[in-house]
Amino acid sequence: MMQQLLLYPLLWQLLMSIVLMFAWRHINVQRVMSITGSVIGLILSGMLFYKVLVYGTQTIQAGGWEAPFGITFVADTLSATLVLLTSIAGLAVSSFSSASIIPARLKFGYFAIFHFLLLGLIGAFLTGDIFNLYVWFEIIIISSFVLITLGGEKAQIEGAVKYFTLNFLASIIFLTAIAVLYGLAGSLNMADLAVLIPKIENRGLVEVTAILFLVGFGIKSAVFPLYFWLPASYHTPPSAVAAIFGGLLTKVGVYALIRVFTLLFVDDVFIDEVFIVIATLTLFSGAIGALVQKNMRKVFSYLIICHIGFMIAGLGMFTELAIAGAIFYLIHDIVVKTNLFMISGLIYRIKGSNNIKSLGGLYKEYPKLSLLMTIPFFSLIGIPPLSGFWPKISLIIASFNTQNYVVLGAVIFASLLTLIVMAKLWSEVFWKNPVDLPKRDHFLYFDKMTTTRKLQMLLPIVFLTGVSLYIGFGAESVQQLSTRIAGELMNKQQYIDAVMPKS
Amino acid sequence: MKTIILRTASNYLLPILLLFSIFILLRGHYLPGGGFVGGLIASIAFVLHAFANGLKDTKKLLKFHPGFLMPVGLSLAFLSGLLPVIFFDQAFMTGLWMQDPIPVIGSIGTALFFDVGVYIVVLGVTLTIIFTISESA
């Protein structure tokens, strides 16, 4: 039974989603099942992570069909780490959403779709087949589209249309790229492709395919100049949904970029330069965008875009240290961004608004809560010794080593602007004198909730803050993990050998 | 649409179409057909019945909400994939087959149960969508 451990986190989410569908109308049952199920999912992912850490890359050939013909599932250290992070964020958001989302929305199968989204995410991280990756992306899009429209407010539909159109376009481009690649190489298995692609003689077409992949994943991971859908849609759904979106959805795009451009299209100087330019512009435009926004969640949306730049920059520099920095940033970012959106949801439930101008006095009313919120804020900015600080060090050293002084400047500039944005947010939301907000009727205020519900909202924030603190204070082990992942990514032969042992 | 010809015909067409959908489902392993197309044809049978007799009658005929079919079909497909993992410690979705073929149906394996699961899911989804749309229209 333990041979199949690789698939258990995946299958568990599918099982959860099916079981939750049976309990369609019973919200309280769903709440309990989703939270306990997420705990078990976290344990399974932890077991997989441990196994990969000790025994190295694990593979499974689905249906017993040997690679390169069947669909392979691969868990190397990167995949296992991301699956673990997905489960951590999933558990937090599952608990948070059971309290913060109103029952009218939960009634329409929120939890079943939520676990379906987690299934898509875990599948995308684990698959070793490029077409299968596309299928998981589709599962992610479909379930995220349901989650973003659940409730059917006008603003939501507007955001959803923008979100869906651009993500769908990205999928079409991705699919075209797969088709061209299949025509060139005649295989879809990523390990097999890694062997075949360097042998293709028509290098021009390979480059075009690489650009197609770059554009497709670029839209999904919201890099400059393809990010406009993100701030237009992420502030519309309930904040629990925005938390899982902000924490994980763009990161799948980044994961796909890292996987494809370290395994399939390597040693391409042109692409690396494109990455550097994109990363620099993403860092600039995201940071400046965050500066002018008035809605808290829009600020965070722009910060997501801005910080994607760090990871792309690491990928563009393509040294082991730079990629280690990018991976470390990815690990830190998933936890912090999920937490930030949950915090914005908590503030929304306390005050009834997310507009920075009409908020204020939070520190006076909730001093302990505010102090708790400072930790993710400081981690995001990268104040030493918290988690955002360490990957930036790696990135800065790497940009010195590769003499990419523009990247160096962009990294420092984006960090500075993040600091300014967060300082502005802090003074407006927490220190400013309270603004009298009219009490809204039929609104689920935090004060009116039962203690259980309050805990369900607070504990996930405490939990993710704890994880953030661990990433900051236990930076040595996370750095070792990132270095190991970067080493695995740079040496693609071990991935190929793990999938196809004989060749 | 409530003409007497259609109403009379639909009463006979419903079982015939359902039978045909099962034929398509079983045919699907080697030949064109399978769970998806079979499920669509089965849902057409009910939609035609709803056209002729009105939505209320069709719902009475079904006795339960078609949305309930979705998790049922999903769990059937899921279990058929999980079977080799639980009992034989083989990879997920490995095909297990019975030794001797059964007359009319042919060889039975986990693939058939997977396809039946797809059939039920497609039926459930299509009917839920169509019923919801025609209710709100």
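Cβ atoms are placed via backbone N, Cα and C, with glycine included.
Copied over from TrEMBL, here are the features:
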DOMAIN    A:129-418  domain 'NADH:quinone oxidoreductase/Mrp antiporter transmembrane'
TRANSMEM  A:31-50  transmembrane segment
TRANSMEM  A:108-127  transmembrane segment
TRANSMEM  A:133-152  transmembrane segment
TRANSMEM  A:164-185  transmembrane segment
TRANSMEM  A:205-228  transmembrane segment
TRANSMEM  A:240-262  transmembrane segment
TRANSMEM  A:274-292  transmembrane segment
TRANSMEM  A:299-318  transmembrane segment
TRANSMEM  A:324-348  transmembrane segment
TRANSMEM  A:369-390  transmembrane segment
TRANSMEM  A:402-423  transmembrane segment
TRANSMEM  A:457-475  transmembrane segment
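Here the transmembrane segment (A:205-228) sits against the transmembrane segment (A:274-292); at least 3 CB pairs are under 8 Å, leaving out pairs fewer than 6 apart in sequence. Non-local neighbours of the transmembrane segment (A:240-262) in the same chain are 78, 82, 86, 89-90, 92-93, 96-97, 100-101, 114, 117, 121, 124-125, 130, 133, 137, 140, 144, 147-148, 150, 190, 210, 213-214, 217-222, 230, 234, 271, 275, 297, 300-301, 304, 308, 311-312, 315, 323, 326-327, 330, 333-335, 337-342, 344-345, 489-490, 492; each lies 6+ residues outside the stretch with a CB under 8 Å from one of its CB atoms. When Cβ distances are compared across the two stretches, the transmembrane segment (A:402-423) makes no contact with the transmembrane segment (A:108-127), since fewer than 3 pairs at least 6 residues apart fall below 8 angstroms. Within the same chain, residues 78, 81-82, 85-86, 88-89, 92-93, 96, 100, 238-240, 242-248, 251, 254-255, 258, 296-297, 300, 303-304, 307, 310-315, 354, 359, 362, 369, 373, 376-377, 379-380, 387-388, 390-395, 398, 429, 446, 457-458, 460-461, 464-465, 467-468, 471, 478-479, 481-483, 485-486 sit at least 6 positions outside the transmembrane segment (A:324-348) and bring their C-beta atoms closer than 8 Å to a C-beta of that stretch. Using a Cβ-Cβ cut-off under 8 Å and counting only residues 6 or more beyond its ends in the same chain, the transmembrane segment (A:108-127) has close neighbours at 6-7, 9-10, 13-14, 16-18, 20-21, 24, 30-31, 33-34, 37, 41, 45, 71-75, 79, 82-83, 86-87, 90, 93-94, 97-98, 101, 133, 135-140, 143-144, 146-147, 150, 244, 248-249, 252, 255-256.
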